Structure formats: C-alpha cells, structure tokens
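*Asks:* Pasting the relevant annotations from TrEMBL:
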DOMAIN    16-165  domain 'Phosphotyrosine protein phosphatase I'
ACT_SITE  22  active site, nucleophile
ACT_SITE  28  active site
ACT_SITE  139  active site, proton donor
C-alpha cells in the first residue's frame, strides 16, 4: 500500500499528452493511438508522452476496436486489444496538449465542442506529415482489409513524423 502511494506521487508525469479522435473510436483512432505509442517507445520516450484515443459520436462506449483494425495492427507489432471506445469529454480539451482529428468532419466537430482556449490544440493528425498525399485518414469501416492497411500506413507515417517534430522542437522532456 505504501509502495503504491509512493509510486503514485513520485511517478514522473508525461510532458506531452496526445488524444487521437475519430468518429466511433473503433478503427482509425485506436490504430493511431497504437502507432503513436509504438513511435514514442521506439525513441525511448514512452514515459514522456501519454497517448489515448476517443470518438466524437461513440454509439457503444467500451467497445473493442474493429477486428480488422486489431488484425492489421497486430501484423505490424502493435497491440490495440485493450483499447475501448470512449467519447471525448469537455475536460479532454483542457487536459491534452494535442487533440488530433482523423479527418475534416471530425476536426469540425471538435472545433464546435471545444473550449475556447483549446482551439490551437486541435489539428488534423496528417498535418504533421511533410508533403502528405492526403490530409484525411479515410474511414475504413465499411470497406475491406485493404482500407485498414491504408489507414495503418497513414497513421504510422503521421506518428513517426509527429514524434520527430516533437523531438526536434524540444517539446518532449524526459
């Protein structure tokens, strides 16, 4: 008990907090959350960066990611099986440093429900990519496995470039 309390109060808090958002929080944002966690771990920064995901229109809170998202992520060494869908909350706009939207519709929804001081935190995830083919991550839900592969390609690239940007701008503090 005492050891748990000591750990809780001495544990280093993350210097950067990131929330990735899509609509239902079962495909794109869990995949992006996993890709970002993998990218920060690869750079030895897992303790310095907190990454979570949420949705703007979650119909079933607590739902596991789509099985196709899990399969594609696992094939790339990313485990998203413990992620559960949740809706973005007003407090998230204060807590997170970056709120990253999967597409322009999600971005628009976030801008409508955010707190005024959070406006600059809300970005498209693909805005971190230099010369992207697209600024939007397409929703693969009604498609086939190839759509999920495409999403994983996009979110892995965005994750790596975001982490590189955070490192090069000294935004992450160990």
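Just so it is clear, glycine is given a Cβ too, placed from its N, Cα and C backbone atoms.
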*Asks:* Between residue 139 (active site, proton donor) and residue 22 (active site, nucleophile), what is the CA-CA distance rounded to a whole number of Å?
*Replies:* 9
*Asks:* Between residue 22 (active site, nucleophile) and the residue listed as 'active site', find the distance joining the two CA atoms and give it rounded to the nearest Å.
*Replies:* 6
*Asks:* So what pLDDT does the domain 'Phosphotyrosine protein phosphatase I' (16-165) average out to?
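*Replies:* The predicted confidence over the domain 'Phosphotyrosine protein phosphatase I' (16-165), as a mean pLDDT, is 96.
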*Asks:* Would you count the other C-beta atoms found within 10 angstroms of the C-beta of the residue listed as 'active site, proton donor' for me?
*Replies:* 18
*Asks:* Cβ-Cβ under 8 Å from residue 28 (active site), same chain, 6 or more residues apart: which ones?
*Replies:* 20, 22, 102, 137, 139, 140, 151, 155
